[in-house]
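Shown next, in structure tokens, is the structure this report addresses.
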Amino acid sequence: METSVSRVTVSLTLLVLIICSADAMNYLAFPRMGRARPGYLAFPRMGRSQMKTETGTDCCGLGMKSEFVIGQEGKEELRHGACSSSVACCAGLREIVDQKQDGVFFSMCVPDFVASRSSEESSSEVLSKLKSLLQK
């Protein structure tokens, strides 16, 4: 009887180990799939600069460039968006500076349209949409 109990114990232990290793394989074998699955702990990507754009060029792409905030104590803070404020916008984009309703100044790179009547209308539409997104 003692032999069969140890066989059952060994069998159950192996079964638990196989199940645990099958679940752990998803966590350990594919660390970059972490954002696709909820509750998954992914390893950080090493060796990538957060200041560069996706294309790897030295210019800012479409979107937020920087924010200038004056805190309650009068402390000034410059927050960088996708790139630093010293880098120019990429070709085909121009930089605009505006102010939110709460007093925060921001700069962003928006498409630079040719100065024709139809493009002026579409340029103002794009600018108003981007401003409405910033106010949310």
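Each residue, glycine too, has its Cβ placed from N, Cα and C.
Just one residue in Met33, Met64 has methionine amide written against it in Swiss-Prot, and it is Met33.
Checking Met46, Met108 against Swiss-Prot, you find methionine amide recorded for Met46.
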